[in-house]
């Protein structure tokens with residue numbers, strides 16, 4: 001069969017590595033770390049439900065265990081596949097190269113829809129934090145207008161450039177994590193280690209527990225749709241993923257470990273926003289206000305990075321001929337204008353959904369996409385073991401298969417726990433994708449719209465194999 005997927009990306013020479021083909025500066029290491037941080041996390045806001053569901057011991061162990069069985073494999077696969085195909089199509093290109101363009105399109109549809117559904121959550125959460133100070137934003141026309149204004153303002157920031165989004169993410173990330181670091185220091189003298197061991201298996205809410213862990217530790221692959229905008233992605237991406245992994249997991253465990261032992265555990269109190277109450281207990285109103293402000297601004301960071309990932313994915317799909325050419329058009333800031341507008345429209349359209357419906361729907365579609373990613377990863381390992389992989393997970397084929405078994409089982413559990421309504425709506429959305437792809441092929445055949453593959457990208461069916469000796473290690 002031969003190794004025909006080892007793609008050689010050599011359209012950018014060393015002298016131009018810091019800029020894209022449109023003269024726009026590329027994303028460097030530090031902004032990339034915080035873009036990944038916000039794609040996955042944004043801080044420990046919302047992890048309180050893990051303590052409510054299962055108590056402090058299982059909450060701490062859960063974030064450690066889930067990081068190992070889910071986050072680490074997903075980050076490793078993103079590092080290997082993202083450096084193998086360093087372009088904006090990201091996981092769409094991975095699946096297309098292994099399973100063909102039909103399934104590549106389904107991957108793109110499911111992931112884009114999941115991302116837009118996820119992004120509809122953040123303006124709502126932002127206003128939920130602000131409404132305690134501005135009660136008028138709690139509902140009605142003022143809240144609707146605020147959602148629209150916030151969405152437009154953050155969309156405009158995306159339009160102005162990914163480097164701006166990256167450095168804004170750095171600022172927001174530092175601002176969001178710093179109060180938890182301070183709170184942890186204040187908590188140290190009041191820590192009682194015995195509180196960490198509190199556990200009652202009979203009262204564990206396993207559904208809430210698993211959903212909280214899963215929602216807070218996924219989306220590592222989202223950064224792959226920005227790979228074409230990254231400076232030297234074959235070296236930068238694996239390292240940025242490893243540093244972001246430490247930042248995300250550490251950002252969860254540090255406040256959990258310090259705060260659960262510093263105050264008496266009343267599990268019913270541990271719901272969204274309880275960290276700000278603990279801040280008031282330990283540090284006073286100033287720390288409480290700081291964490292509330294950090295929580296509100298963190299949602300802005302989540303929105304900005306998710307929209308970037310979604311819009312550049314559409315651009316990458318257009319550059320591969322899966323979507324009409326107008327999706328590949330860039331503004332004079334180098335940003336995918338049509339992709340940004342489509343993503344913003346989707347956010348506004350879905351902003352009426354409830355928090356629980358948003359989480360359930362996005363998780364279901366996300367799981368469908370991850371199944372395709374795992375299949376593509378294994379198939380490329382089995383049928384093309386010698387294709388170019390600038391970073392390669394240090395496991396053989398059997399080891400790679402064993403690595404994805406635990407996250408694969410987790411996907412089955414999450415999908416099985418979905419309500420009947422969520423299953424029906426999600427399956428209908430996927431069926432729509434099955435119909436949409438042949439329709440676009442027909443539109444291209446009739447030449448009603450123009451489709452083309454970017455001349456800057458290598459042709460996937462006729463590519464050049466490179467030796468694997470250049471692989472770089474993933475530094476943690």
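Cβ atoms are placed via backbone N, Cα and C, with glycine included.
TrEMBL has this to say about the protein:
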TRANSMEM  27-47  transmembrane segment
TRANSMEM  53-77  transmembrane segment
TRANSMEM  89-106  transmembrane segment
TRANSMEM  141-159  transmembrane segment
TRANSMEM  165-188  transmembrane segment
TRANSMEM  243-266  transmembrane segment
TRANSMEM  278-297  transmembrane segment
TRANSMEM  333-351  transmembrane segment
TRANSMEM  363-383  transmembrane segment
TRANSMEM  395-417  transmembrane segment
TRANSMEM  423-443  transmembrane segment
In contact by Cβ distance (the transmembrane segment (141-159), the transmembrane segment (423-443); 3 or more pairs under 8 Å): no
Annotated stretches the transmembrane segment (395-417) and the transmembrane segment (27-47) touching (3 or more Cβ pairs under 8 Å): no
Residues of the parent chain within Cβ reach of the transmembrane segment (363-383), under 8 Å, 6 or more residues beyond its termini: 1, 5, 74, 77, 80-81, 84, 91, 94-95, 97-99, 103, 106-107, 110-111, 113-114, 117, 211, 214-215, 218-219, 221, 397, 400-401, 404, 407-408, 411, 414-415, 418, 422-423, 426, 429-430
Outside the transmembrane segment (89-106), six or more residues from its ends: residues with CB under 8 Å to it: 5, 7, 81-82, 221-227, 313, 316-317, 319-320, 322, 369, 372-373, 375-377, 379-380, 430, 433-434, 436-437, 440, 460
Top Cβ-contact partner of the transmembrane segment (165-188) among 53-77, 141-159, 278-297 (pairs under 8 Å): 278-297
Contact ranking winner - 27-47, 53-77, 141-159, 278-297, 333-351 against the transmembrane segment (243-266), Cβ under 8 Å: 53-77
Cβ contacts under 8 Å made by the transmembrane segment (278-297) with residues that lie 6+ beyond its boundaries: 43, 45, 126, 129-130, 132, 172, 175-180, 182-183, 186-187, 190, 259, 262-263
For the transmembrane segment (141-159), distant same-chain residues with Cβ under 8 A (at least six beyond the ends): 123-124, 126-127, 131, 165, 168, 300, 303-304, 307-308, 311, 331, 333, 335, 337, 340-341, 343-344, 347-348, 351
Long-range environment of the transmembrane segment (53-77) - Cβ separation under 8 angstroms, sequence gap at least 6: 40, 47, 195-200, 204-206, 208-209, 212-214, 216-218, 220-221, 241-242, 244-245, 248-249, 252-253, 256-257, 260-261, 265, 267, 370, 373-374, 377, 393, 403-404, 406-407, 410, 474
